[in-house]
Amino acid sequence: MSKFVFVTGGVVSSIGKGIVAASLGRLLKSRGYSVSILKLDPYLNVDPGTMSPFQHGEVFVTEDGAETDLDLGHYERFTDTAMTRLNSVTTGSIYQAVINKERRGSYNGGTVQVIPHITGEIRERIHRVASNSNADIVITEIGGTVGDIESLPFLEAIREFKNDVNKNDVTYIHVTLLPYIKTSGEIKTKPTQHSVKELRSIGIQPDLLVCRSDKEINDSLKRKLSGFCGVNLNCVIEALDADSIYSVPLSLKKEGLCKETLRCLDLEDKECDLESWEKIIHNLRNPGNPIKVALVGKYIELGDAYLSVVEALRHACIEQKAFLDLHWVSAEMIEEKSAEEYLHDVDAIVVPGGFGNRGVNGKIASIKFAREKKIPFLGLCLGMQCAVIEWARNVVQLPGASSSELDPESENPVIHLLPEQEDIVDLGGTMRLGVYPCRLQKNTTGKELYNEDVIYERHRHRYEFNNFYKQIFVDSGYKISGTSPDGRLVELIELVNHPYFLACQYHPEFLSRPGKPHPLFKGLIKASREKLEQSK
């Protein structure tokens, strides 16, 4: 039977609850416990699939095709465990489920209310994750901040949850901020005291406090927090600002987070094996020469819009013992000026996914520059589509070559809408989503990198390579190195006579892990490093 840990946040938003939950998951897994992590998001969207990246950051896609919060990416990367659509819950999805049940008559004519129906649905979702995953411990992160109106149903639900299970099967962790007041030279505990008071007023007494701070928390402050907040002294956990999110599990282990959590859950504190994780941190803190990577995107004002891409690059650099020198390049600025101006001194170019016309010509210009100047290049999703358009326009010289998404009247739509998408009107959850197989062709870079005949990658797209032009591309020197098993969909393309030029329709960044970088990103960094060494 599963045990349950609930992670709440206080004082300010974006305090790092997701990293704390993911780090605890890593620590528990290193002790031999199986873990699943669930995110409860208080917004009314059914999922983040239709939200602007500027509003929400990236949309993380699970194996079973759910469009979820980026925190699920942290959960997967830290625990190396695949999450499912059950691991992402929003207020919108809860209300949708309850209203659908009411329409079906499932409540036998009763008045549908927040309590017990909404809170009951939330509790049911948590139990469902436990039964589906068979995890020893289910960690649930509650989005938002204690005191927010929109979070109240979730907080009430996790209060009620303690009545569903045995007393020692539930633990509450509260992540909070201890601000440092520069003028007085003091760390203030009052905001945390008020946050815990607010949590208690709901009926939740936290078992552990994880205290974010940029200054060390002395024993006197810990005793003060212990006394005012009713938390065991050993359960006041210091969480100092870290040089990398990947060092957080080691810091929290030192502070005893996992040990105290297991004590609260009445579970054995088994021997901890973090040797591989410590090696990752060692390589991260002792990098070799820098690799200057340009990420050419349209949402670069918010780095979280490309979070998994950046982490995948970082994983590859850690494994290759290189320093990631990441340069954010606006595709629109390239349109205004030139690719040469922004990319003349980079070692690699990555063009990630996206939607719509804005910045596309800048991406295409970047790809042309990478192709002609022999700069290692990796295109992802829309990045592959732009690579196809670039080749069609500048090498094959097809008049008006484009994508039917970008130009519905194009006389040469080398990228077109998937046939099964033609009658779909709704936007949310209707793309080609989740894991699909891809068969790799012999004697290709793709086959060499993966060393597999069939791979499984995650997708999120409506448009695809137009097979009407396949032979034209092959005859002109393009290699189609990966397709769907039936050969109908082009999944991976590459160029010969180039140090590294690959583009894929899928999202390989979602499968990259610290210590296990994705082959395409590993290949990109390796090719960049080798090209640098040859130029010396």
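Every residue gets a Cβ built from N, Cα and C, even glycine.
If you take the C-beta of Cys381 (active site, nucleophile) and look for same-chain residues 6 or more apart in sequence within under 8 angstroms, you find Pro352, Gly353, Gly354, Arg460, His461, Cys504, Gln505, Tyr506, His507. Annotation comment: Swiss-Prot describes Cys381 as active site, nucleophile.
Here Swiss-Prot flags His507 (among others) as active site, drawing on sequence analysis.
The active site annotation in Swiss-Prot covers Glu509 (among others). In the three-state DSSP scheme, Glu509 (active site) is classed as helix. Counting Cβ atoms from all protein chains shown, Glu509 (active site) has 28 others lying within 10 Å of its own Cβ.
Annotation comment: Swiss-Prot describes Ser13, Lys188, Thr189, Lys190, Pro191, Thr192, Gln193, Lys224 as UTP binding site. Under a cutoff of 8 A between CB atoms, and with a sequence separation of 6+ in the same chain, the neighbours of Thr192 (UTP binding site) are Gly10, Val11, Thr176, Leu177, Leu178, Leu209, Cys211, Leu225, Cys229. Secondary structure at Thr192 (UTP binding site), taken from DSSP and collapsed to helix, strand or coil, is helix.
According to its DSSP assignment, Ile149 (CTP binding site) is helical. In this view, Ile149 (CTP binding site) is surrounded by 8 other Cβ atoms within 10 Å of its Cβ, with every protein chain counted. Residues or ranges marked as CTP binding site by Swiss-Prot on the basis of sequence analysis: Ser13, Asp148, Ile149, Glu150, Lys188, Thr189, Lys190, Pro191, Thr192, Gln193, Lys224.
Under the heading ATP binding site, Swiss-Prot lists Ser14, Ile15, Gly16, Lys17, Gly18, Ile19, Asp71, citing sequence analysis as support. The number of other Cβ atoms within 10 Å of the Cβ belonging to Ser14 (ATP binding site), over all protein chains shown, comes to 9.
Note: Glu141 (Mg(2+) binding site) has non-local neighbours Val7, Lys17, Gly18, Ala21, Ile37, Leu38, Lys39, Leu40, Asp71, i.e. same-chain residues 6+ apart with C-beta under 8 A of its own C-beta. The Mg(2+) binding site annotation in Swiss-Prot covers Asp71, Glu141.
Take the CB of Gly354 (L-glutamine binding site) and look out to 10 A: across all protein chains shown you find 22 other CB atoms. What Swiss-Prot lists as L-glutamine binding site is Gly354, Leu382, Gly383, Met384, Gln385, Glu405, Arg462, and the listing cites sequence analysis.
Marked as domain 'Glutamine amidotransferase type-1' by Swiss-Prot: 292-534.
Taken from Swiss-Prot, the feature region 'Amidoligase domain' covers 1-267.
Counting only same-chain residues six or more apart in sequence, none has a Cβ lying under 8 angstroms from the Cβ of Lys190 (UTP binding site). A separation of roughly 26 Å, to the nearest angstrom, links the Cα atoms of Glu509 (active site) and Ser13 (UTP binding site).
Within the set Ser13, Lys188, Thr189, Lys190, Pro191, Thr192, Gln193, Lys224 that the record links to UTP, no two Cα atoms are more than 24 Å apart, and one pair reaches that distance. The CA atom of Gly383 (L-glutamine binding site) is located 29 Å away from the CA atom of Ile19 (ATP binding site).
Apart from Gly354, Leu382, Gly383, Met384, Gln385, Glu405, Arg462, the residues listed for L-glutamine, the same chain places the Cβ atoms of Gly353, Phe355, Cys381, Cys386, Ser403, Ile415, His461, Tyr463 within 8 Å of the centroid of those Cβ atoms. The Cβ of Gly18 (ATP binding site) has 25 neighbouring Cβ atoms from other residues within 10 Å, across all protein chains displayed. Its Cβ placed at the centre, Ile19 (ATP binding site) has 21 other Cβ atoms within 10 Å. Here the recorded positions are Lys17, Lys188, Arg462, His507, and the one whose Cβ sees the fewest other Cβ atoms within 10 Å is Lys188.
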